Structures are given as structure tokens and as C-alpha cells.
Amino acid sequence: MAERGAHITTTSPLDDRPSIFEVVAQESLMAAARPALHHIVKVLAESNPARYGTLWRWFDELYTLLECLLQQHYLSWASASFSENFYGLKRVTLGKQVGQRNLARKEYWKSLLLLVLIPYLRIKLEKLVNSLREEEDYSIQNPTSFHKRCYKAILASYPFLKLGWEAWFLFYQLRYILWNGKHHSPLLRLAGVQLARLTMEDLRAMEKQEELTNTVSNVVSISQHIRSILKKALGAVTLSVSSSLSLGVFFLQFLDWWYSAENRETLKSLGNLPVPPPPIHFDLETYSPLLPKLRTVCPLCRKVRVNDTALGTSGYVFCYRCAYYYVKTHQRCPVSGYPTELQHLIKLYTPDG
């Protein structure tokens, strides 16, 4: 029994097939980079919404563009993604010719699209589903509308779609472990490549290629010279980004621990301070005619509030439906005018129900 499972943790010197621990480690590296950068941008946006609000709203698109530049650089230089190259792995075209080190053009573009596009679409789909669930919980959409039926179909099919996606990846990983499969991920199979370890010949070829790109011929045309400058600038940007990511790899583990649930509870217990006294309220009518005289009335619809919801940026309370639509449309508090996003809506539960 032990002999049959020995190949899971050990490899022969002649076998360049990486172990399951190597491929899982390189996948978790890029998976940890996005949440860490996302949290940094969130802190910056909350501290200065006017300056970093755009960066927060377009984080997914900017991160995808940055990742595209990074992966393009490593695929063209090392025939591997950033995380694969970090763990000493490379992508090999299935059935490649002897002596061919770089990826073929077809496999290169398929690898780049699958590395960049699939995570972006998955993040967008998860955000869409979470938004639809929130709108359905508070009955924001019209129940008789055509869009409502489409939303219900998406919400009903998403769990099965996610289950099938995860089962698809699990099947490939089990086949890679137990039956010596060539691919641990179906995305590699779709790209027409497989992972292998870097050899000394690969490292020497990468160094030689880097030297050739640094030496530019003196006799070139103007268009070639401009193209070379742009290529060098793009390479410098991607190299600086990759170097920064390499230095921050081990810092990501610290961030993962720092913002974990267990550590958050510990910090909360250490930082328990007495509740400050309530602020002194002046005559609200002198500076905000939008506020009603009765505290139980919503400032937007002028009716008794339903599903009390406060805005974390200003503290004013509205109906959930009124606050949701207003903040989604104007991105600010209707009373104070402070910049506000949907994540600043805080649902209140009163003792009287």
C-alpha cells in the first residue's frame, strides 16, 4: 500500500513532473495576492475616499490589467506564470519538438487568457450573485418583472455551477495524485500544456535571453527604436512588479493571519474601550431641511421607516430600500453629502422588532 502511494511525495531524478504539493503551493500564492491587495486598497479608500475611491471601485479591472502585464512578461520570458516560476516550474507544450523551450504562439495566448480572464470572470460572477441575494432578501426588485425571473434562475443555478466547477478541479487533482495524470488542473489541459521542473539548461537559456534583450543594435530604424523603448519600459514595469511581489510573498501569510477571524477576536478583546458619550445634537433644521421632525420618519420617502438602515459614513437612518437605491445611484449620503458606498449600509435591529 505504501509503495503504491510513494509517488505522491517523492519523484525520481529523471522525472521532471512536479509533486502535488508544489502545484498546490504555486496556485495558493496568486490566490493570496488578490485579497491582500484588495484589503490594502479598501483601507486607503476608507481613509481618503476622494483620492482612492476610484481605485476601490475599479479594483478588479486594475488588478486584472496588472496581472495581465505580469503574466505576459513571465510567459514570454520563462514559459511560466509568476507563481509557477517562483516555485521553479515551467509550462511545456504537449508533444513539443526536441530543443523547443518557449511556448508555441497558440499555447502562449491560451495560457495568458486562462490565467487572467477566468479569475476575473469568477470574481465578477460571485459579486453579481451576492448582490442579487441581497436584493432578494430585502425585496428590492419587482417580483413581477422579467429581470426578477432571470435573477431567480441565476441564484438557483449558481450553487450547482459552483459545485460542478469545484468537482471538475478535484477530479483532475485526484487523477494527478493517484493515477499519474499529466495535468492537475483542467485549465492546463485547455491551454494544451503541462507543468515540469526547470532544468539548468532552462536557467542558462533564460539568462542568455535576458542578455540579448538588454543589448540593442545601434543600426535600427525609428519605428524599431520606439518599439524597443516601449518594450523595455513594459519589461521594467513588469520586472519591478514581479520583484515587489516576490518580496511580499512571505508577508502575505502574515496578512492572512492578521486579518483572520481568530486574531480579529483577540484584537477586539484587547482593544475594548468604554463607549463614548453621545454627541450633542443641535437644531438639525438650521443646516439640513431634508430631515423630518419625527425621528421615526425616513428622510427620503417621508414615511415611517421600514427595515431601519444606518449609513456608516454619517450615522443617519433611512429605510433600507430608500438608502439602497439612493446610495447606488449617487454614491453619497442624502443628508450630509459624504461619499458613501453600498458596503456602508448597516442594518439595524430594534428591541421592539
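Heads up, the Cβ atoms here are built off N, Cα and C, so glycines get one too.
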Can you tell me if Swiss-Prot, going by its topological domain labels, places Glu136 on the same membrane side as Pro339? yes
I'm validating the feature mapping. Which of 18-57, 218-257, 298-337 is tagged zinc finger in Swiss-Prot? 298-337
Under DSSP, the zinc finger (298-337) has how many residues in helix, strand and coil? 11 helix, 9 strand, 20 coil
If one takes Cβ-Cβ under 8 Å and requires six or more residues beyond its ends, the residues near the transmembrane segment (105-134) are 34, 60, 64, 67-68, 71-72, 75-76, 81, 91, 93, 140, 151, 154-155, 158, 187, 190-193
Could you pull out which residues elsewhere in the chain have a CB under 8 Å from any CB of the topological domain 'Cytoplasmic' (48-51), counting only those six or more residues past its ends? 339
Env. residues of Zn(2+) site, Cβ within 8 Å of mean position of Cys298, Cys301, Cys319, Cys322 Cβ: Pro299, Leu300, Arg302, Lys303, Arg305, Val306, Phe318, Arg321, Ala323
